[in-house]
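Taken straight from TrEMBL:
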| type | residues | note |
| --- | --- | --- |
| TRANSMEM | 38-61 | transmembrane segment |
| DOMAIN | 54-303 | domain 'G-protein coupled receptors family 1 profile' |
| TRANSMEM | 73-93 | transmembrane segment |
| TRANSMEM | 105-133 | transmembrane segment |
| TRANSMEM | 153-170 | transmembrane segment |
| TRANSMEM | 210-229 | transmembrane segment |
| TRANSMEM | 250-274 | transmembrane segment |
| TRANSMEM | 286-305 | transmembrane segment |
Amino acid sequence: MFYLLSVDEEKIKPEKSNASSLIEFILLGFSDVPNLQWILFGIFLIMYLTILMCNSTIVLITRTDPALQTPMYFFLSNFSFVEICYVTVTIPRMLVDLCTQKGNISILACATQMCFILMLGGTECLLLTAMAYDRYVAICNPLHYSLVMNHRICTQLVAACWISVIPVVIGQTYQIFSLPFCGSNRINHFICDIPPVLKLACGDTFVNEIAVYIVAMIFVMVPFMLIIFSYCKIICSILKLSSAKGRTKAFSTCSSHLIVVVLFYGTAGITYLQPKPNQSDITGKLLSLFYTILIPTLNPIIYTLRNKDIMAALRKLLSKILV
């Protein structure tokens, strides 16, 4: 992903190739800071291992601890699994390119990475919506909670989050990589994301940009509005509770999810709903770093530190391991 600026002048010039002969891209990454390559490698490696360890722990304890066999933790377990998949699509490639100091990536590999990034990102959006619906039913309709959110319904919701995204993402990826790339093959980014790839396409990309906006509206804005609606209902129900202790407990069960929603949807919305010419390369990289590395690192910390049940299950697991 990272192409050092210390190469000779001939290599710095944009490579001209026609659409039929272009077989690979070069991800420039953070080539403007070549002296920081190994520092970035160390930081990203530590964050990747942290994400794997924390999310794997959440998956383990939510599947094995009897006290966590509820719909809320079922969704959290699936969300943590998607987070593991998401960072595995992006970070290992970054680490390899930091070691080799090259950013060559075939068009097929680039399309595959983009497809999985979009698929897993869309699945996360829908899972967050399902988690908000779970909290809505639990707080606003508690008497029917066990009936409405039974295991079969929860499984169907998770399956729908995956199945509904896959055909749309495959179609959009095919549409983008069907464009002719007849100019430079250098992507000023560290992953194959939509905005930097579209910048390299020749001809009119208006239809593709409209398609990106439509998909972003469906998988980002619509779920976000549903989450906002759910939380408006939740807050109204919480405020009606007569017990201050009850209100505090209800708010605490939702706060972690709400923080994650704001972080995730904020960066995703800015990335995919902003017009292509208005997004600078530096802004795009920073936003991508935020939602590909930083947010997945913070998510398990937010969910564990603010959740007494998970902390209790974690202490129980550690006591079993250490004894």
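Backbone N, Cα and C define each Cβ position, glycine as well.
Those TrEMBL annotations? Automatic predictions, nothing curated.
These numbers come from a predicted model, not from an experiment.
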Ranking 38-61, 105-133, 210-229 by the number of C-beta pairs under 8 Å to the transmembrane segment (73-93), which range is first?
105-133
Restricting to CB pairs under 8 Å, which listed stretch, 38-61, 105-133, 153-170, 210-229, is in contact most with the transmembrane segment (250-274)?
210-229
Non-local residues, at least 6 beyond the ends, that sit with Cβ under 8 Å of the transmembrane segment (105-133):
1, 22-27, 72, 75-76, 78-79, 82-83, 85-86, 89-90, 93, 157-158, 160-162, 164-166, 168-170, 172-173, 176-177, 181, 187, 191-194, 197, 219-220, 223-224, 226-227, 230-231, 257, 260-261, 264-265, 268, 291-292
Which value does the mean pLDDT take for the domain 'G-protein coupled receptors family 1 profile' (54-303) in this predicted structure?
88
